[in-house]
Amino acid sequence: MKNLSFPLLFLFFLVPELLGSSMPLCPIDEAIDKKIKQDFNSLFPNAIKNIGLNCWTVSSRGKLASCPEGTAVLSCSCGSACGSWDIREEKVCHCQCARIDWTAARCCKLQVAS
């Protein structure tokens, strides 16, 4: 019976918690949860928490669309139902089909919130 006591305790106490509970947390559980979140958040410097991604679309006629300096291309779109494109030098979208009427580049840069 001694060999079964630990597995039974595990099943009796921990498994219901893993399955979820509709009951609110008791004050001790809330305190533990709060401490875990604080410790987890302290792993990341505040500067990292305030970094975001600022994106917009640049389009042009023809098969090339360029993003401004300081930004990078994340994706491209091509006119004339062309789905074949590549990114050149991290800032230029190039549509590879013949007779492309327009090309669009999704340009993004990191932005630090104040």
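Numbers here mean position along the shown chain, with the first residue as 1.
Any Cβ shown, glycine's included, is placed from N, Cα and C.
Among the features that Swiss-Prot reports, signal peptide is placed at 1-20.
Residues or ranges marked as disulfide bond in Swiss-Prot: Cys55-Cys108 (among others). For Cys55 (disulfide bond), the same-chain residues lying six or more positions away in sequence with a CB closer than 8 A to its CB are Leu74, Arg106, Cys107, Cys108.
Secondary structure from DSSP puts Cys67 (disulfide bond) in coil. The number of other CB atoms found within 10 A of the CB of Cys67 (disulfide bond), across every protein chain shown, is 22. The disulfide bond annotation in Swiss-Prot covers Cys67-Cys107 (among others) and rests on experimental evidence.
Here Swiss-Prot flags Cys76-Cys93 (among others) as disulfide bond, drawing on experimental evidence. DSSP classifies Cys76 (disulfide bond) as strand under the three-state reduction.
What Swiss-Prot records for Cys78-Cys95 (among others) is disulfide bond. Following the DSSP three-state reduction, the secondary structure of Cys95 (disulfide bond) is strand.
Marked as disulfide bond by Swiss-Prot: Cys82-Cys97 (among others). Take the CB of Cys97 (disulfide bond) and look out to 10 A: across all protein chains shown you find 14 other CB atoms.
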Where among the disulfide-bonded residues Cys78, Cys93 do you find the Cβ with the fewest other Cβ atoms within 10 Å?
Cys78
Here the disulfide-bonded residues are Cys76, Cys78, Cys82, Cys93, Cys95, and the Cα closest to that of Cys67 (disulfide bond) is found at Cys93
Cβ-Cβ distance under 8 Å, sequence separation of 6 or more, same chain as Cys82 (disulfide bond); the residues meeting this, in order, are Cys95, Gln96, Cys97, Ile100
How long is the line from the C-alpha of Cys78 (disulfide bond) to the C-alpha of Cys93 (disulfide bond), rounded to the nearest angstrom?
9
Only counting partners 6 or more residues apart, tell me which same-chain residues put their Cβ under 8 Å from the Cβ of Cys76 (disulfide bond).
Ala65, Trp85, Asp86, Ile87, Cys93, His94, Cys95, Thr103, Ala104, Ala105, Arg106
